[in-house]
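Okay, so here's the structure we're looking at.
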Amino acid sequence: QAADSLSGCTALVCGLILVLLFSAGFVKSPMSETKLTGDTFELYCDVRGNPTPEIQWWYSEINRADSFKQLWDGARKRRVSINTAYGANGVSVLGITRLTLEDSGTYECRASNDPRRNDLRQNPAITWIRAQATISVLQKPKINASDQIILPADSPGVPVTLHCNLTTAHTANTVHTESFWVKNGREIANTRTEHRTTAYRIGKPRADDSGEYMCVYTFEMAPNANATIEVKAKPVITGHKRSENKNEGENAMLYCKSVGYPHPTWTWRKMEGTSSTDIDNSTGRFFITSRDNYTELNIINLDIDTDPGKYECNASNAIGTTAEITILRVRSHLAPLWPFLGVLAEIIILVVIIVVYEKRKRPDDIIDDKTLFQVTNRHKRKHVML
């Protein structure tokens with residue numbers, strides 16, 4: 001392709017075509033970030049070129065820009081991950097988990113599609129393009145927080161208070177601005193305060209008050225810090241189908257919803273007298289879908305002989321277990337015709353009764369046309385004489 005494109009072109013045009021065909025360029029470069037110890041960061045690098053450029057990651061300690069070292073997948077005791085894909089572009093993601101203060105430094109994405117890029121006699125500054133990001137890792141502030149709380153199922157409504165106290169900031173110069181509370185990733189309204197000690201009170205806790213709570217502290221020129229408090233409770237099923245009526249051959253959908261934390265493990269069973277049979281997705285007609293506090297059982301092509309009965313959804317977590325029953329009724333194909341057939345049967349019976357009644361009348365009760373004519377004439381003559 002390059003030879004065909006360059007045939008018959010001037011030196012200037014050929015040079016431009018070479019640049020367009022072969023030069024590598026960044027579509028997206030890694031961005032500098034400030035993180036806390038124990039956190040995770042990811043750097044993203046997207047490079048284009050023809051052919052697709054090779055991508056490498058390098059690292060240099062703070063204030064030592066002349067001492068870059070190449071990173072590889074699994075480095076730093078397997079805390080480093082590098083995922084690279086080559087297509088129309090070269091895309092690479094560098095990730096480092098469980099950050100320490102020593103992870104601070106300059107991270108460099110290098111890319112090149114120069115055929116001489118790995119030749120040690122070539123100057124890397126010429127054959128590789130580079131994009132840098134600075135990662136600053138600060139000591140995570142120390143927050144004293146309440147231990148996990150388990151809501152008792154036998155005595156609900158006892159007030160619960162969550163506490164947090166910021167004892168140490170990132171550095172002596174870091175200024176704390178305010179704090180607030182979050183439940184399951186959403187900020188709780190009216191909980192912001194400027195104090196280093198903060199509390200959140202649950203007046204009448206129920207199962208739906210359980211979840212993952214965080215006290216979050218904000219700072220000037222530094223990342224937020226937080227502490228997590230788990231409020232746990234036995235699952236409580238808050239919604240389910242009490243019964244389902246379907247015709248054979250149709251599909252049925254049963255479901256259950258719950259509250260409680262941690263999210264439960266869901267199981268379905270079919271009750272058969274005093275025993276039960278576990279249901280899974282292996283039969284090809286039963287399909288279970290579960291996520292967090294919701295589960296769904298779909299039954300395909302209902303069978304009137306085997307599918308009717310009681311189905312139990314069971315929610316279980318580390319605190320306890322709860323279950324509810326749904327009754328599934330399966331009717332025959334002829335079920336929609338029963339009302340019509342009933343009316344038709346009534347009509348037939350009524351007609352039969354009328355016919356039988358007419359046939360069983362006494363002869364004396366039957367007046368033929370001649371007798372009726374004679375009686376009528378006598379009545380008229382009598383009326384004239386009078």
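Placed from the backbone N, Cα and C atoms, the Cβ positions cover glycine too.
Remember, predicted model here, so these are calculated numbers, not experimental data.
Summarising the annotation, TrEMBL assigns transmembrane segment to 7-27 (among others).
According to TrEMBL, the domain 'Ig-like' annotation covers 38-127 (among others). Over the domain 'Ig-like' (38-127), the average per-residue pLDDT in this prediction is 92.
TrEMBL lists 141-230 (among others) with the feature domain 'Ig-like'. Across the range of the domain 'Ig-like' (141-230), the DSSP-based residue counts are 3 helix, 50 strand, 37 coil.
The annotation domain 'Ig-like' is assigned in TrEMBL to 235-326 (among others).
Residues or ranges marked as transmembrane segment by TrEMBL: 337-357 (among others).
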